[in-house]
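Per TrEMBL, active site is recorded for 101, 303. Taken from TrEMBL, the feature disulfide bond applies to 114-119. Sequence annotations record features per position, and here TrEMBL assigns domain 'Peptidase A1' to 83-448.
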């Protein structure tokens, strides 16, 4: 494997830099005066810190929506969607399009050592072409020459990767803002979802608990770098594609102009687990409070890498039956159906979703079913493409006596403790309506009405809810559910 083959011996001064511990923060005057042999090797460290400090925070990265049609009988019946933006890794910079994912904890890109059809369709990271890279094991130590390196298997809600480790600089918005981070070089990638989309990898933004070690967490590394950035990031998804799209992620702060209301904050629950999750005190459909959260066990993971809203598996049929309504005709837009409102009562804020937010735009005719019986499970990452095809079954069946059905964009979540079993996933239906801010230092999530065209129109019409994009979507999730490290000797 390329990642396991260290480059030819480096000059002495560069070897010194590679041996520095990850948490090393040099006193510039002491190092440069008392240890001149290190001066050239610290150029990367000092340049990165200087450039990043001089940068104007937050760094805003445009993210583009990509939709992939799902065909049944030569007819498009739904779309899979993703949002991705560009980062670079290494010196000179190697560019990658990545999904910025709050539900996983690693920066993952394809390795040049991966020759599968899935990897070959993407840009691949070549560790040997970066002067600032080091092949490492999971403990951060350099891989001894001639030895096999450690590997990690990461399972997502959809798909999995097997990867090796490198330490290199990761840059945002060009070459001026860079942080040294340990990254995962994928040597195996499942066809689903990686072959279905144009993005190359995943930029994990979960808390440190989801990373194999803190050095793999981008925000943990940014927090220790003293670069002048606020330890926050904000996500805005407007649901559009092409030139009119304005979706973005702001790193090192957030974009006030993307808000139509003030932020209301909810504390992160069970922070040690690593997810951006919040306590859900109650769930209401219409004016009825459901029994599901009365025991105080419900939580919701806010996940930018999931296209649907996830509901605890045992309750999925209850939600579907209460939210699905008869579709009048094939041309009916189900977002304007007469269906109840959903309310999620958090600690500090209540999130509300109307049919415009949660409903599939297209009604379902008899014989055309979408959804997944399995949904998100601990073993969902191991499912093959054929398994997924079999799972797309009669979960969202046409209502009895109706020619067509308007159905919500829901998926079942079947995860055991400590994350489950009463776990919701707050994916795109919530993120299209609300601008979300993630505060790494304080451990809290802010929600404000997003400054989207749909929400502006809704407010102008005196309504309290916004509108969704005009395409229905198939389940897609990068929520990290399993991590297995293999130590190879």
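Just so you know, glycine gets a Cβ as well, placed from its N, Cα and C.
Just so you know, TrEMBL annotations are computer predictions that nobody has curated.
As the structure is a computational prediction, the values presented were derived from the model and not from experiment.
In this structure the C-alpha atoms belonging to residue 119 (disulfide bond) and residue 303 (active site) are separated by 25 Å. Over the domain 'Peptidase A1' (83-448), the average per-residue pLDDT in this prediction is 88. Residue 101 (active site) sits 23 Å from residue 114 (disulfide bond), taking the Cα positions as reference. Residue 303 (active site) sits 28 Å from residue 114 (disulfide bond), taking the CA atoms of both as reference points.
Non-local contacts of residue 114 (disulfide bond) by the CB criterion (under 8 A, 6+ apart in sequence, same chain) comprise 120, 124, 186, 187, 188, 189. Listed active-site residues: 101, 303; maximum Cβ neighbour count within 10 Å falls on 303.
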